[in-house]
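Some notes on the structure that comes next.
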Amino acid sequence: MGCNNTALDNCMLPNLSIATAPLDLRFAFSTPLRMLLAIIMILMIAIAFLGNAIVCLIVYQKPAMRSAINLLLATLAFSDIMLSLFCMPFTAVTIITGSWLFGTQFCQISAMLYWFFVLEGVAILLIISVDRFLIIVQRQDKLNPHRAKIMIAASWVLSFCISLPSVVGWTLVEVPTRAPQCVLGYTEFSADRVYAVMLIVAVFFIPFSVMLYSYLCILNTVRRNAVRIHTHADSLCLSQVSKLGLMGLQRPHQMNVDMSFKTRAFTTILILFIGFSLCWLPHSVFSLLSVFSRTFYYSSSFYSISTCTLWLTYLKSVFNPVIYCWRIKKFREACLEFMPKTFKILPNVRGRTRRRIRPSTIYVCGEHQSAV
């Protein structure tokens with residue numbers, strides 16, 4: 001019986017013949033290229049595992065770091081760790097050997113785990129984005145650690161329910177030699193296409209739309225606030241001076257209103273969103289083409305494109321901990337604490353001693369830049 005796909009690249013369609021001859025993946029990439037890709041993949045696995053493990057360890061060991069936003073970031077890091085352990089190694093072996101060596105049952109399980117952990121990471125990023133929207137645009141800071149834990153638990157359950165059909169509904173499975181990766185593949189069954197579209201919409205298009213709207217609103221709010229503060233800063237300061245009976249004195253210098261604590265965390269999440277979009281847009285388009293285009297699915301370039309787009313989704317797991325250490329000072333300092341002294345090449349920069357607690361605080365003009 002020929003193998004096409006239902007929702008997975010390795011699932012069978014009983015009544016559909018294959019129009020083109022299978023490809024031998026051992027000749028899809030040259031041996032030197034496969035070795036280079038394997039080395040890069042191993043480095044990606046190491047960075048994704050160690051970097052995200054440090055993030056989780058920091059939040060676990062330091063009670064001061066267990067804020068709502070850090071709990072969410074730790075959950076995002078944990079989902080990336082699971083990807084690096086249960087999905088990325090098998091992709092590396094497939095690239096080296098040119099075939100799937102782990103059996104059809106594990107291929108189903110592997111596909112389910114891939115979507116499970118990806119959905120969880122996307123759900124956490126969506127929660128963080130909506131939280132930033134509520135704080136900056138709506139002036140509502142309602143997410144505390146307890147509520148964050150509830151939302152994390154709910155996101156795990158929802159992600160599991162969405163990814164579960166990938167492994168429950170398909171029992172007759174074989175791994176085609178032409179593309180032994182468990183990805184969405186061509187199907188003519190309406191139910192399978194509906195599930196595939198639902199999966200891609202849940203993973204990319206809904207989160208992307210909601211986050212894009214949130215960030216556009218946030219950017220507009222920050223811009224309007226900056227203009228308003230700049231316009232009224234001088235009059236506010238002069239009003240304070242007049243109360244002291246000092247109107248005859250020289251006008252004070254323009255006060256510097258600190259908006260950094262309000263925007264820096266948002267900027268970090270915006271960078272994560274941009275990384276998510278760049279890494280997942282190609283794979284989402286690729287997956288939809290695989291489901292609906294027989295010509296594309298059986299083209300000679302399918303395996304190469306599939307490998308590249310899959311790699312991009314893995315890169316997100318590698319970049320996230322790098323972004324945390326780059327953008328979040330407390331994470332950077334904690335990372336330096338975990339590193340041996342001989343590897344501490346970054347200079348110790350004295351940080352500010354205070355930080356604001358509630359991001360929805362209204363700012364007023366002051367003589368010194370406020371601490372973050």
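Cβ atoms here come from the backbone N, Cα and C positions, even for glycine.
Taken from Swiss-Prot, the feature N-linked glycosylation site applies to ASN4 (among others), supported by sequence analysis.
The N-linked glycosylation site annotation in Swiss-Prot covers ASN15 (among others).
The topological domain 'Extracellular' annotation in Swiss-Prot covers 1-38 (among others) and rests on sequence analysis. Over the topological domain 'Extracellular' (1-38), the average per-residue pLDDT in this prediction is 52.
Here Swiss-Prot flags 60-80 (among others) as topological domain 'Cytoplasmic', drawing on sequence analysis.
Annotation comment: Swiss-Prot describes 102-108 (among others) as topological domain 'Extracellular', evidence class sequence analysis.
If you look up Swiss-Prot, you'll see 130-149 (among others) marked as topological domain 'Cytoplasmic'.
Marked as topological domain 'Extracellular' by Swiss-Prot: 171-198 (among others).
The topological domain 'Cytoplasmic' annotation in Swiss-Prot covers 220-268 (among others).
Taken from Swiss-Prot, the feature topological domain 'Extracellular' covers 290-301 (among others).
Annotation source Swiss-Prot lists topological domain 'Cytoplasmic' at 325-372 (among others), citing sequence analysis.
The transmembrane segment annotation in Swiss-Prot covers 39-59 (among others).
Taken from Swiss-Prot, the feature transmembrane segment covers 81-101 (among others), and the record attributes it to sequence analysis.
Annotation comment: Swiss-Prot describes 109-129 (among others) as transmembrane segment, evidence class sequence analysis. Only residues 6 or more beyond the boundaries of the transmembrane segment (109-129), in the same chain, are considered here, and those with a CB under 8 A from a CB of the stretch are 8, 10, 69, 72-73, 75-76, 79-80, 82-83, 86-87, 90, 102, 148, 151-152, 155-156, 158-160, 162-164, 166-167, 182-183, 199, 202-204, 207, 210-211, 214-215, 269, 272-273, 276, 313, 316-317.
Residues or ranges marked as transmembrane segment in Swiss-Prot: 150-170 (among others).
Summarising the annotation, Swiss-Prot assigns transmembrane segment to 199-219 (among others) and lists sequence analysis as the type of evidence. Counting only same-chain residues 6+ beyond the ends of the transmembrane segment (199-219), those with a CB under 8 A from a CB of the stretch are 7, 115, 118-119, 122-123, 125-126, 129-130, 132-133, 136-137, 162-163, 166, 184, 266, 270, 273, 276-277, 280-281, 283-284, 287-288.
For 269-289 (among others), the entry in Swiss-Prot reads transmembrane segment, with the evidence type sequence analysis. Long-range neighbours of the transmembrane segment (269-289) within the same chain, counting only residues 6 or more positions beyond its ends whose Cβ lies under 8 Å from a Cβ of the stretch, are 122, 125, 128-129, 132, 183-184, 196-197, 200, 203-205, 207-208, 211-212, 215, 296-297, 305-306, 308-310, 312-313, 315-316, 319-320, 323, 327.
Below 8 angstroms of C-beta separation, residues 65-66, 70-71, 73-74, 77-78, 80-81, 83-85, 88-89, 91-92, 95, 311, 314-315, 317-318, 320-322, 324-325, 331, 334-335, 338 of the same chain, each at least six residues beyond the ends of the transmembrane segment (39-59), sit close to that stretch. Outside the topological domain 'Cytoplasmic' (60-80), and at least 6 residues removed from its termini, the chain residues within Cβ reach (under 8 Å) are 48, 51-53, 117-118, 120-121, 124-125, 127-128, 131, 143-145, 147-149, 152, 155, 265, 316-317, 320-321, 324, 330, 334.
DSSP places the residues of the topological domain 'Cytoplasmic' (130-149) in helix, strand and coil in these numbers: 12 helix, 0 strand, 8 coil.
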